[in-house]
Amino acid sequence: MTAIIRQFLKLEAAGGLLLIITAIIALIMANSPLQGIYQQFLNISVAVQFAALEINKPLLLWINDGLMAVFFLIVGLEVKRELLEGSLAGRDKALFPVIAAIGGMVAPALIYLLFNGNDEFTRQGWAIPAATDIAFALGVMALLSKRVPTELKVFLLALAIIDDLGVIVIIALFYTKTVSLVALGLSAAMIALLVWMNWRGVEKTSAYLAVGAILWVCILKSGVHATLAGVIVGFLIPLRGQNGHSPSELLEHGLHPWVAYLILPLFAFANAGVALNGVTLNGLTDILPLGIAVALFLGKPLGIFLFSYISIQIGFAKLPQQINLKQIFAVSVLCGIGFTMSIFISGLAFEGVDESFSVYSRLGILMGSTIAAFMGYGLLRMVLPKKK
């Protein structure tokens with residue numbers, strides 16, 4: 001294991017705990033007399049202007065669309081390294097998280113529809129449990145970081161990022177009312193420029209980040225989730241330079257402390273404050289929250305593990321070294337933490353309908369994600385190697 005990865009795991013252990021603490025603080029504030037202060041903080045207007053271009057958004061969206069793009073940049077860098085040189089190198093190993101992610105989207109959606117398919121309003125939320133909150137899933141795993149094999153963490157990263165990309169496509173196809181073709185065209189041009197820079201051997205990460213910032217603006221204006229820009233830039237920054245140094249690893253090393261100690265805890269604080277006003281005991285067993293919760297803590301592991309197991313048995317994919325099927329199952333349960341991505345889809349699915357749909361969908365997401373987090377953590381403790 002490289003020194004950078006060792007440092008990353010150490011950072012995550014502390015950062016994961018900080019993430020959970022800030023999430024709890026946010027949940028308390030959102031359901032207490034401090035709710036007003038919490039909402040005022042998230043709704044602070046932040047404007048950035050460059051010539052004729054102006055982006056004016058509340059702080060919450062700057063955190064979710066802007067700062068989280070940096071997190072996804074690091075995820076892209078790490079997954080690329082493992083695909084080229086690490087535990088996912090080779091077609092059969094690289095296919096493994098792809099197949100797992102497909103199962104992790106299909107099964108929860110089907111289970112949700114078993115509960116809600118007959119209701120014309122609630123069935124619009126079929127994609128809610130398809131999402132995995134990569135930040136919170138990593139945060140829980142980070143609590144056991146010294147025992148987690150690098151290969152298992154990379155599997156979670158790869159699976160979750162493919163899952164998120166799939167959800168972004170779902171949002172674009174089924175939940176985006178207006179898409180700017182001009183902005184999409186400019187996004188494609190920026191991606192082409194990044195590909196050309198990589199092909200020409202440009203090694204300066206500052207050049208990639210500059211083009212990446214423009215790409216981020218273009219994707220934001222297109223109506224597609226802007227964090228996609230971070231993944232794209234991460235995959236296109238060169239892994240190895242001409243003199244043997246690694247531009248991508250140097251960038252990872254510089255950004256990791258900021259992500260672990262600032263960006264992810266701030267993200268948790270901004271998004272975990274789910275207000276539960278108007279919730280009743282009878283509503284807890286309604287088909288909407290129940291369908292979401294069951295789809296997350298049961299559908300996710302069912303889909304991920306079954307698709308993974310079958311792909312291995314038929315020889316279509318190969319289990320990465322140093323990890324076993326018990327650990328894969330534990331991680332698949334952890335992927336049931338849908339949380340912020342699920343809440344985002346919920347807002348799109350039930351936009352313009354009665355507020356109770358939004359309240360009870362958030363409740364279902366909170367229940368399912370919490371159960372998945374505790375179950376996933378408990379299973380990981382059981383199946384991971386003991387400390388030496």
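Quick reminder: no glycine exception, Cβ is built from N, Cα and C everywhere.
Features of the protein shown, as given by Swiss-Prot:
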TRANSMEM  8-28  transmembrane segment
TRANSMEM  33-53  transmembrane segment
TRANSMEM  59-79  transmembrane segment
TRANSMEM  95-115  transmembrane segment
TRANSMEM  125-145  transmembrane segment
TRANSMEM  154-174  transmembrane segment
TRANSMEM  179-199  transmembrane segment
TRANSMEM  217-237  transmembrane segment
TRANSMEM  259-279  transmembrane segment
TRANSMEM  287-307  transmembrane segment
TRANSMEM  328-348  transmembrane segment
TRANSMEM  363-383  transmembrane segment
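For the transmembrane segment (33-53), same-chain residues at least 6 beyond its ends with a Cβ under 8 Å from one of its own Cβ atoms are 26, 59-60, 62, 217, 270, 273, 275. Long-range contacts of the transmembrane segment (328-348) within the same chain, counting only residues at least 6 positions beyond its ends with a Cβ under 8 Å from a Cβ of the stretch, are 64, 100, 104, 125, 127-133, 135-137, 140-141, 152, 155-156, 159-160, 163-164, 167, 170-171, 175-176, 267, 271-272, 274, 292, 296-301, 303-305, 308, 319, 358, 361-362, 365-366, 368-369, 371-373, 375-377, 379-380, 382-384. Using a Cβ-Cβ cut-off under 8 Å and counting only residues 6 or more beyond its ends in the same chain, the transmembrane segment (154-174) has close neighbours at 72, 75-76, 78-79, 82-83, 86-88, 96-98, 100-102, 104-105, 127, 130-132, 134, 137-138, 141, 223-225, 227-228, 231, 304, 320, 323, 328, 331, 334-335, 341, 345, 348. Contacts between the transmembrane segment (287-307) and the transmembrane segment (95-115): present, as 3 or more C-beta pairs lie under 8 angstroms, all at sequence separation of six or more. For the transmembrane segment (259-279), same-chain residues at least 6 beyond its ends with a Cβ under 8 Å from one of its own Cβ atoms are 11-12, 14-15, 18-27, 29-31, 35, 38, 42, 59-60, 63-64, 67-68, 70-71, 74, 135-136, 139, 339-340, 343, 355-356, 359-360, 362-363, 365-366. Taking pairs at least six residues apart, the transmembrane segment (217-237) and the transmembrane segment (59-79) share three or more Cβ pairs below 8 Å and count as touching. Remote same-chain residues near the transmembrane segment (59-79) are listed as 41-46, 88, 134-135, 154, 157-158, 160-161, 164, 212, 216, 220, 225-235, 237, 248-249, 251-252, 255-256, 258-259, 263-264, 266-267, 270-271, 340, 344 (criterion: CB distance under 8 Å, separation of at least six residues from the stretch ends).
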